[in-house]
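*Asks:* Before I ask anything, here is the structure I am working with.
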């Protein structure tokens, strides 16, 4: 008869394992809580309350018009979100509890320039969420991605055929690009000496516009899928071009790849990088490729950052057959694509800036 204590473990260890198991079993509630507060505009309500002052629970449920029969449940949701760092519980008038925004929930204020609310709406969209229910089936199917198994078509084909999903995706990528405005303030050196740059896969041009505003003399071109840029207009130093990065990338002093390469497997990345090398090979002496992407480093990163990067790797691998990479993976790609050297610099909390030289 097997021992009730697995492999001789202490009862305390087993109960710790149970707690970890249950935490992850209920982990899906985390993202649903985010969706709930974004759909109800709770960050916006707190942001606009008395010029951003904390809001009491009674004031919040009154604005939300929550029935008395559901106030306890709503309070549980708010308490859980506060515990996870999305709200701060403070004491105001006569020691009454109130909710204030944190750095995380400020990013979900829809009226904010740095709002990531569209990212929440995109990731928790039914097609994206539903695909994960097909993991078991995916293992034994020929299709490389759970997205393909779930919807019967590759991600990029689906996004081109579904206007609503395409719009949600582009809005999510655009709001993520706005965050770069903060990072680029400390990275002006990246663009010094350049006269032209191509933002490959640059979406609706948010990143390119940020660069153009910071460097008015720098000519910037956005290369994107034709259906994304067909109705977009440029400016004096910004142009939009519909094309295919797997076929040809316009000539420039530099090529920018922001969160592009993690979408693709190594063979596809090789094709993109080879085209980048061709694009920057000319008379310019400053030719380089600028990659903004994830570099996994489990030995140096904080646990929370590592967990995010590994989760992103799972997401990219299963949804579109993409990949988050360690430095040795990046080096192998760069060298095999014909580049001679590279330099990795910190960029944001989880992203790195990599300069690659031919």
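Every residue gets a Cβ built from N, Cα and C, even glycine.
From Swiss-Prot, here are the annotated features:
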{"type": "BINDING", "residues": "122, 123, 124, 125, 126, 127, 128", "note": "substrate binding site"}
{"type": "REGION", "residues": "155-173", "note": "region 'Substrate binding'"}
{"type": "BINDING", "residues": "201, 224, 245, 258", "note": "S-adenosyl-L-methionine binding site"}
{"type": "ACT_SITE", "residues": "262", "note": "active site, proton acceptor"}
*Asks:* What does DSSP assign residue 128 (substrate binding site), in three states?
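*Replies:* Once the DSSP labels are grouped into three classes, residue 128 (substrate binding site) ends up as helix.
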*Asks:* What is the nearest of the recorded positions 122, 124, 126, 128, 262 to residue 245 (S-adenosyl-L-methionine binding site), using the Cα of each?
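*Replies:* Given the candidates 122, 124, 126, 128, 262, the nearest one is 262.
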*Asks:* Using only C-alpha positions, which one of 122, 127, 128 is spatially nearest residue 258 (S-adenosyl-L-methionine binding site)? These are the binding-site residues in the record.
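*Replies:* Comparing Cα positions, the closest of these binding-site residues turns out to be 122.
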*Asks:* Closest of the recorded positions to residue 128 (substrate binding site), Cα to Cα, picking from 201, 224, 262?
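*Replies:* Its closest listed neighbour, by Cα, is 262.
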*Asks:* When the Cα of residue 224 (S-adenosyl-L-methionine binding site) is compared with the Cα of each of the recorded positions 124, 125, 126, 127, 262, which one is closest?
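*Replies:* Result: the closest of the recorded positions to residue 224 (S-adenosyl-L-methionine binding site) is 262.
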*Asks:* With the cut-off set at 10 Å between Cβ atoms, which of these binding-site residues ends up with the most neighbours? Options: 126, 201.
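*Replies:* Per the Cβ count, the most surrounded site is 201.
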*Asks:* Can you name every residue in this chain, apart from 122, 123, 124, 125, 126, 127, 128, with its Cβ inside 8 Å of the center of the Cβ atoms of the recorded substrate site?
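*Replies:* So the extra residues in range turn out to be 121, 129, 168.
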